[in-house]
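As structure tokens, the structure follows; a few thoughts come after it.
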Amino acid sequence: MEIIFATHNQNKLKEVQDLMPSHVKLISLDDLDFKEDIPETSDTIAGNAIQKVEFLRNRFDLPIFADDTGLIVDSLDGEPGIYSARYAGEHKNSEDNMNLLLEKLTNNNDRKARFITAIALNLNHNQTLFEGICEGTILKERKGKKGFGYDPIFQPDGYTKSFAQMTMSEKGEISHRAKALRKLIEYLKEVN
């Protein structure tokens, strides 16, 4: 089965492809040479995933899914939330984003946070939404070199390492994206 994953992010593409069954071939926007900017103007994580699929669904003849992820920090009233990728500016620099978050949490002992991923799927003109959540804590300093985004400063509940210290397989067992993706995969098995 071929399905379009509406992303240009190669890290995200690899993470998702590793979790997909072998019979599912992901096609990225780069594979399609699609270069248009896709709007992300919703005020919710799920809304942004839906908006991406809506924008692309009439352009291609294959099933398509899009995701959006946000990091929610309780003591910062939900920041960075829908702005997670561009928290420190439109240049979308992970290092700058982490620096800003760590700065805002200086001397703050309430570091409770969660990642939320929403995946919107358009299959046969029907739209379905899947969500995954991973609860955790924002560390006081970076730990680990693997992963991407906020992985070096996010420690999932029940673990003593950050996402960036985990293997892809370990992260794939517990991450927000993996949880949402497993729901998507189960749904695809049911309808095919």
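Every residue, even glycine, has its Cβ placed from backbone N, Cα and C.
A TrEMBL annotation is a machine prediction, not a hand-curated record.
Positions annotated as active site, proton acceptor by TrEMBL: ASP68. Taken from TrEMBL, the feature substrate binding site applies to THR7, HIS8, ASN9, GLN10, ASN11, LYS12, THR69, PHE148, GLY149, TYR150, ASP151, LYS171, HIS176, ARG177. Residues annotated as Mg(2+) binding site in TrEMBL: ASP68.
Structure with TrEMBL features highlighted.
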residue : record                       : DSSP class
THR7    : substrate binding site       : coil
ASP68   : active site, proton acceptor : strand
GLY149  : substrate binding site       : coil
HIS176  : substrate binding site       : helix
Between ASN9 (substrate binding site) and ASP68 (active site, proton acceptor), the C-alpha gap once rounded to whole angstrom: 12
Cβ atoms near HIS176 (substrate binding site) (within 10 Å, other residues, all chains): 25
Under 8 Å by Cβ from GLY149 (substrate binding site), same chain, sequence gap 6 or more: ASN11, SER84, ALA85, SER94, ASN97
Other C-beta atoms that fall within 10 angstroms of the C-beta of THR7 (substrate binding site): 19
Position of peak Cβ density within 10 Å, selected from the binding-site residues ASN9, ASN11, THR69: THR69
Nearest-integer angstrom distance between the alpha carbons (Cα) of ASP151 (substrate binding site) and ASP68 (active site, proton acceptor): 16
Close in space, distant in sequence - ASP68 (active site, proton acceptor), Cβ under 8 Å, 6 or more apart: GLU40, ILE45, ALA46, ASN48, ALA49, LYS52, ILE82, THR117, ALA118
